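Participant: I have a structure here, written as structure tokens, and I will follow up with some questions on it.
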Amino acid sequence: MSRGDMAKPLLGHGSTEGDPGVTPASGRTIGVLGSGDFARSLAIRLVCSGFKVVVGSRNPKRKASLFPSAAEVTFQAEAVKKTDIIFVAVFREHYSTLCDLADVLAGKILVDVSNNTEINHHKESNAEYLASLFPACTVVKGFNVVSAWTLQSGARDGNKQVLICSNNQEAKRTVAEIAQVMGFTPVDMGCMSSACEIENIPLRLLPAWKIPIFLALGLFLCFFTYNLIRQVIHPFIREQKNKLYKIPIEVVNTTLPCVSYVMLSLVYLPGVLAACSQLYYGTKYRRFPDWLDQWLQHRKQIGLLSFFCAALHAVYSLCLPMRRSHRYLLIETAVKQAVEKKMNIWVEEEVWRMEIYISVGIIALGLLSLLAITSLPSIANSLNWREFSFIQSSLGFIALVVSTLHTLTYGWSRAFDENQYKFYLPPTYTLTLLVPCTVIIAKVVFSLPCIRHRLLRIRRGWEKGRYVKFVLPSATGEYSSGETSSNV
């Protein structure tokens, strides 16, 4: 969340039992205005949590069968009179239909659970608009980030956080108690001005994934075009051979490992750049550029996309022998060998190259799988910091080295074969080696004792050019103070 300092649990671990000034949340009567899917799910969850629920509807007789039998379904005016806490589960455009109840609603707590269809669709949030229509009421924004499915199935099967904001602290505390009894974790997002941000959260489509996805698509298009030129266009122009059949499987399969390999190196490249910045400026307190800061924050998503491309590459590779074109080529090769009477076609070097290439690739995919699994919150939460850092940092770097070996064994001596330079373009795998090899060399350099020690001191708070006071004895035996630079 962008408001990290404000996103804190609203309630502590203290119990309200035995406190005569606090009314237990469970057992009180809660009102729900509305009869849609969310209102029904909310009523079910409240009833299951031990609350008495009164549902206000414009057509109570027709809607009563949709709600649990323990909930009372009546007219809106009657429902409002029976409780002081009311969930407003109607759309923004229908708020005006409640204006006739303004007198009855005066002094009550209204919980706005609505969302918009577009981000920042209105100048003011729905909660602020509701508060302007009913100034005598206390409006609390909450439960809008929880889906109807989560309400029905319970907090264990969905997001447990309930974001709450209001200008009234007591009203927030009351709603937070209700959320806690329902099995959710209330999170205080501050005053009513935060309502717009809370309403935008459910409308964002994978906000942390946009940059990594565009990066992966960009790399895919670049490598796909490059491989298309080498594998399809070149033989068509130079040899008049139609190789278009290679596009769906072979060209894609050549592109996927390139994207995966480069994306994996991009996970560790920003750490190298950050270390270079700290060594250059001699401090860890200088802020990184915004682009580097954003890059560091998206490493998890970049790594998962790298694993996704690697997994697709493995599946595509397993499917290569299933192609009809591959069978035709095998038969054609066998016929040529029979005509030329070649009895022994075993090439020891090629056999060992493919054995090592496939074996190293399997190991690399296994390491990437381990990195992806430990990125899941449920797995990461079960690891302590040292375990998580070892897997994501040390094993991640090993995965990059193994992937480099996989790429080198694939290329073998092809980089020195002039026939591989089609249109004077080098083989694709040589281009993919640039960034990963840079990261590996930088990591090796940073592991040197002199550089590693300096970088460790900087990350522990040491700063270049910082002056520290010291005390020296004078010629008369008295002590005088002075200062020196800490990097001397």
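Backbone N, Cα and C define each Cβ position, glycine as well.
This is the feature table in TrEMBL:
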- 1-24: region 'Disordered' (REGION)
- 29-116: domain 'Pyrroline-5-carboxylate reductase catalytic N-terminal' (DOMAIN)
- 211-229: transmembrane segment (TRANSMEM)
- 259-400: domain 'Ferric oxidoreductase' (DOMAIN)
- 261-281: transmembrane segment (TRANSMEM)
- 302-323: transmembrane segment (TRANSMEM)
- 356-376: transmembrane segment (TRANSMEM)
- 388-409: transmembrane segment (TRANSMEM)
- 429-451: transmembrane segment (TRANSMEM)
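Show me how these features fit into the structure around them.
Facilitator: Counting residues of the domain 'Pyrroline-5-carboxylate reductase catalytic N-terminal' (29-116) by DSSP class, helix then strand then coil, yields 39 helix, 23 strand, 26 coil.
Outside the transmembrane segment (211-229), and at least 6 residues removed from its termini, the chain residues within Cβ reach (under 8 Å) are 247, 251-252, 254-256, 258-259, 262-263, 266, 294, 298, 301-302, 305, 309, 422-423, 425, 428, 431-432.
Beyond its flanks by at least six residues, the transmembrane segment (261-281) meets 215-216, 219, 288, 292, 295-296, 299, 302-303, 305-306, 309, 368, 396-397, 399-400, 403, 407, 432, 435-436, 438-439, 442-443, 446, 451, 454-455, 458-459, 464 of its own chain at Cβ-Cβ distances under 8 Å.
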Participant: For the transmembrane segment (356-376), give me same-chain residues lying six or more residues beyond its boundaries with a C-beta closer than 8 angstroms to one of its C-beta atoms, as numbers and ranges.
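Facilitator: Contacts with the transmembrane segment (356-376): 260, 264, 300, 303-304, 306-307, 310-311, 314, 383, 388, 391-392, 395-396, 398-399, 402-403, 405-406, 409-410.
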Participant: Restricting to the domain 'Pyrroline-5-carboxylate reductase catalytic N-terminal' (29-116), what is the model's mean pLDDT?
Facilitator: 94
